[in-house]
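This report refers to the structure that appears directly beneath it.
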Amino acid sequence: METKITVFSSTSNLCTLLILVVFSFAVSPSHASLSFNFYAISCPGAEFMVSNTVRSASSADPTIPGKLLRLLFHDCFVEGCDASVLLQGNGTERTDPANTSLGGFSVIDSAKRVLEIFCPGTVSCADIIALAARDAVAIAGGPSVQIPTGRRDGRISNAANVRPNIVDTSFTMDEMTKLFSSKGLSLDDLVTLSGAHTIGLAHCNAFSDRFRQDSKGKLTLIDTSLDSTYAEELMKKCPAGASTSTTVSNDPETSLAFDNQYYTNLLAHRGLFQSDSVLVKDGRTRKQVEAFANDQESFIRSWGESFLKLTTIGVKTDDEGEIRQSCSFAH
């Protein structure tokens, strides 16, 4: 089935462009019942209500878009895009250390409360996460991608499932490729979706393995693939003994703008994580990094295709899952 995806690109240097990306959206049983404008009759204002909530929250806190985009990744890679990451309780995904620094939950909850007033029991938390991440990218200046809806919420959330399914910042290219492939994502998708690091924040411990602390508490750079000047900046912001709440921007140049600066940073050896830097060092991915660094619209087009694939990983539809009244608790 050939599906036309409308991608609205808004950047600071370019007028708004309408780009039609033709993407082959194979309808398999796992997402056979997803459709564009799924809520056209049951809750016609659903997407507007989510977008309005995300925009309001982002105006108050400009770090929200990065948090919502990360939340989507952590949801979809574990149990599929089914809002399992939102469930609270002992031993749920949220209790795993990889997820304790996640944010944006209050935005999803706010959107859900509004939707429950106007369309009770209709819009899933899984759809809200996907739509909120889509809107977050657009609010940060990136493309607005039309995505299908109709996901249902999962009832299973197990902390033990998190680590085997989430990319660690110290991963090698082979480790990342294997994980992405298990989710139906290609090497091109890996490079494209890594561009999510053009916005958002990281805690110091996410890249501390690139430094060594001596007996006097002084940090020294041990990862020679990192630009030394950039490394000095990072050590100043994240000295030995820094608070666990201390954060730095993933993209030190345009931290709040969804653009192709991430790829330019990689070529300058200013990728924050080891999992970023390997994209430049590995011959399988370097050419795509260079292409995106030189052509922002190429990145924008690829983002639309890869983001659609991300949001349809392992979705539950029809009689699978449920529609939660509260995103934090299953029925």
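Quick reminder: no glycine exception, Cβ is built from N, Cα and C everywhere.
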With the disulphide bonds as TrEMBL has them, who is the partner of Cys43, out of Cys81, Cys119, Cys125?
Cys119
Which one is it, Cys125, Cys204, Cys238, that TrEMBL ties to Cys327 with a disulfide?
Cys125
Just confirming the record: what cysteine out of Cys15, Cys76 does TrEMBL connect to Cys81 via a disulfide?
Cys76
Once near-sequence residues are set aside, which residues in the chain of Cys204 (disulfide bond), 6 or more away, have Cβ atoms under 8 Å from its Cβ?
Lys237, Cys238, Ala242, Thr244, Thr246, Thr247, Val248
Checking the recorded positions Arg70, His74, Cys125, Thr198, Asp251, which are within 10 Å of Glu93 (Ca(2+) 1 binding site) at the Cα level?
His74
Among the disulfide-bonded residues Cys119, Cys125, Cys327, point out the residue whose Cβ has the most other Cβ atoms within 10 Å, with all shown protein chains included in the count.
Cys125
Go through the recorded positions His74, Asp75, His197, Asp259 and tell me which ones have a CA within 10 A of the CA of Cys81 (disulfide bond).
His74, Asp75
For Asp251 (Ca(2+) 2 binding site), what residues in its own chain, 6 or more apart in sequence, show a Cβ-Cβ distance under 8 Å?
His197, Thr198, Ile199, Gln261, Tyr262, Asn265
Protein Cβ atoms within 10 Å of Asp75 (Ca(2+) 1 binding site), excluding its own:
28
